């Protein structure tokens, strides 16, 4: 059985002077690319789960304001749809405001253990409130109090006052009402790139771009 399935270290093939991954990461889609990149995304995430990647859905999401000034942060992919990936935030946060001004965004999944990357590009669309209600109730209830009292990205003037307000809400049994600004965005993908650490620095890069006729794929030089 391939060592990557068992999560055992495999030195040699995937080693690089600049990358520290030690788990063999199969990339069968590079030789026979499927027509739909979302199936590749599902496959990679499932393999990452099997080999024990610590945070496989931690997406470094880059947004930009109306003047093109970028900002980045980590969000968690909560769901994969047929057209993109979903994550939750607060509408009044910096990313929420920027996505309202400029919906184009780019995200990267980087898995150090296997030296793999997935680059996701597209436009963010705010989902209906019903989706936000669903996402809110899926969160651990212990996260509700602070998420309810916080006005994400606004200046924090009194740490203890905010802590006390959250502790007061924590006395409530069960879920709290969803805060008005809590929302879900879908990053509807226009392109994806799957990157694998290859032999002799011939890294394996498989890119998909959406077109009027559907998805088109091509291999890129390292």
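Glycine too: its Cβ is placed from the backbone N, Cα and C atoms.
Some features that Swiss-Prot has for this protein:
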type    : residues                                           : note
BINDING : 18, 90, 139, 147                                   : substrate binding site
BINDING : 73, 74, 75, 76, 88, 89, 94, 95, 117, 152, 153, 205 : FMN binding site
Reported as an integer number of Å, what is the Cα distance between residue 153 (FMN binding site) and residue 90 (substrate binding site)?
-> 9
Long-range same-chain neighbours of residue 94 (FMN binding site), Cβ under 8 Å, sequence gap at least 6?
-> 63, 71, 73, 153
According to DSSP, which of helix, strand or coil covers residue 147 (substrate binding site)?
-> helix
Count the other Cβ atoms sitting within 10 Å of the Cβ of residue 117 (FMN binding site), across every protein chain shown.
-> 17
Largest pairwise Cα distance, Å, within the listed FMN binders 73, 74, 75, 76, 88, 89, 94, 95, 117, 152, 153, 205?
-> 36
C-beta crowding around residue 88 (FMN binding site), within 10 angstroms = 20
Any idea what DSSP makes of residue 90 (substrate binding site), helix, strand or coil?
-> strand
Closest of 75, 88, 117 to residue 147 (substrate binding site), Cα positions, binding-site residues only = 88
Cβ atoms other than its own within 10 Å of the Cβ of residue 73 (FMN binding site), all chains, total 14
Residue 117 (FMN binding site) - helix vs strand vs coil (DSSP) = strand
Report the member of 147, 153 (the binding-site residues) whose C-beta atom has the most other C-beta atoms within 10 angstroms.
-> 147
Can you tell me how far the Cα of residue 139 (substrate binding site) sits from the Cα of residue 88 (FMN binding site), in Å?
-> 10
